[in-house]
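Notes for the one structure printed next.
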Amino acid sequence: MASSSQEPRRDDVPDERADSNSQESAVDAWSSTAIHQPTHQPLHHAVGFWHPRMRKVRAHVIVLWLRTAYMMAVLILTVFILSILSLYWAVLYRVEENLRALTVQVVDFDGLVEPYTGGSPMIGPQVVQLTEQMLSMSGPSLGYQTVLASQFAYDPLKVRASVYEWDSWAAIVINPNATALLQQAVETGNASYDPTGAVQIIYQTARDSTTVSSYLSPMLQQFSSQLTAQFGPNWGAMVMSNSSLTRHNLASAAAAVNPGISPLMYDLRPFQPAVVTPAVSIGLIYLIIIAFFSFGFFLPIHTKFVHPQGHPPLHFWQLIVWRWIATVVSYIFISLIYSLISLAFQIPFTPGPKSHVFSPPLGGATAYGHGSFAVYWMLNFSGMCALGIACENVAMIIGQPWTALWLIFWVITNVSTSFYSMDLAPGFYHWGRAWPLHQVVEASRHILFDLHSGIGINFGILFAWAAVNTALFPCCCYFMRWSTERAKRKAEMEKDRYVVHDGEEEKETAKATGVKPPILQNFIIPSFVSILVDALLKPLDL
């Protein structure tokens with residue numbers, strides 16, 4: 001019985017060996033076939049975009065891209081373009097209709113100041129009549145305002161001082177001796193008579209070079225040409241009808257006969273040299289951009305305090321204090337380098353203040369002499385604080401990639417309200433007078449050209465921007481941490497393990513799927529808007 005019971009087991013052995021041998025043979029045969037006769041291309045072999053085997057994945061990717069592009073580009077970018085970029089176009093909307101906001105004082109001193117009183121003034125009344133005629137006509141016109149000479153104590157230089165103080169954009173001054181000198185020239189044959197001595201047009205190009213060169217100066221030139229064309233025939237007829245005038249005297253005083261008068265364009269503060277242009281206009285855009293990108297440059301350095309790598313994490317409130325101090329200190333040095341560029345290209349900072357009623361010499365004029373550069377540096381520093389801390393706060397709230405749209409918004413709103421005259425812009429843009437870059441531009445012009453001073457208000461508004469954003473800075477930091485932790489906890493819910501920092505080391509702990517892990521104290525760039533978009537796109541499997 002024992003032998004009979006063992007025989008089946010001996011019979012089974014050859015069968016198992018046979019099965020094993022047959023399986024090994026099948027594996028070898030399959031391997032040989034797979035190696036020597038491949039039926040598919042290797043996985044690492046790349047193919048072209050239009051390869052037949054890419055048809056399905058290509059269609060799938062295109063569909064996903066179209067759906068994503070529609071939601072992002074159409075719903076977000078289109079709205080952004082219409083609402084934000086339109087601000088730049090709209091600032092120049094209907095400028096021609098708003099030209100009357102550029103006020104021009106017309107002050108007639110002709111025959112009102114001793115010893116030229118008692119006569120019958122002729123030039124002054126014609127100038128005033130022409131300005132009133134141009135103002136009453138439909139179409140683009142400057143805002144001419146007739147002002148009595150008594151309001152300036154019969155002193156033409158006080159009219160220049162009024163233009164310097166920005167009481168008006170320009171002034172047309174008819175000198176007290178305008179008619180008297182013209183009549184005397186034709187009566188005595190004065191060959192040295194100067195037609196430009198009768199009427200002066202006072203303005204300041206440095207106040208706003210774009211507005212003056214594009215709108216104010218051409219309109220004033222048009223007025224000057226029209227005045228000459230209108231006065232010439234009337235004056236010529238009067239001269240020819242006066243039989244007491246000799247041909248010899250008329251020939252000697254040819255300039256008094258024709259044109260008689262030629263208004264003199266007098267620029268109290270010329271915009272010079274040309275290299276100043278970037279310092280008060282386009283170059284200031286880079287001040288915004290540099291302040292914006294400093295957030296991304298320095299944040300990875302600050303986060304080393306909160307990532308436990310052989311050290312415990314720093315108290316969060318102390319991290320906030322450190323970040324603010326480090327940011328402001330960096331602005332001091334960055335603004336210095338920015339200011340030194342203007343100095344390197346020989347923008348004059350040392351001439352000092354000049355007379356407010358006469359044009360400065362070729363060397364120009366600055367508001368504070370040798371101290372102008374220091375004030376200019378502090379202005380750029382204050383501007384960076386006002387512009388940059390706001391960028392820090394917004395970046396912590398909205399996160400990537402939405403900060404790019406914020407930068408465009410910040411640049412457009414500041415440029416639109418700073419590089420173009422608010423007097424010509426629609427009334428909607430009056431908020432721009434409180435925007436940071438508007439203060440930097442006005443104060444820079446004051447420093448570099450010795451213009452009318454509003455620098456106290458300019459610095460005050462910049463400090464207010466910096467103070468408000470500093471007060472909001474801790475709140476934005478805490479929101480950033482909350483948003484980051486929320487996103488990371490949501491991601492950890494899909495895992496079977498989570499990491500705990502105990503201040504000394506990291507430990508992995510198993511968890512049940514779907515259970516929220518403890519709050520992770522990591523400090524990374526959040527994306528609050530990205531979380532919202534993910535929630536919207538999740539039903540679409542995007």
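Glycine too: its Cβ is placed from the backbone N, Cα and C atoms.
All annotation found in TrEMBL is predicted automatically rather than curated by experts.
The region 'Disordered' annotation in TrEMBL covers 1-24. Sequence annotations record features per position, and here TrEMBL assigns compositional bias 'Basic and acidic residues' to 7-19. Annotation comment: TrEMBL describes 64-91, 275-299, 320-347, 367-390, 402-422, 455-480 as transmembrane segment. For 74-470, the entry in TrEMBL reads domain 'DUF3533'.
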Fill in: Intrachain neighbours beyond the transmembrane segment (320-347), with Cβ under 8 angstroms and 6 or more residues off its ends
273, 275-276, 278-279, 283, 286-287, 290-291, 294, 298, 302, 305, 314, 373, 376-377, 380-381, 383-385, 388-389, 392, 448, 470, 473-474, 477
Worksheet entry | Best-contacting stretch, by C-beta pairs under 8 Å, relative to the transmembrane segment (367-390) and drawn from 64-91, 275-299, 455-480 | 455-480
Response to the item:
Looking only at the domain 'DUF3533' (74-470), mean pLDDT returns 91
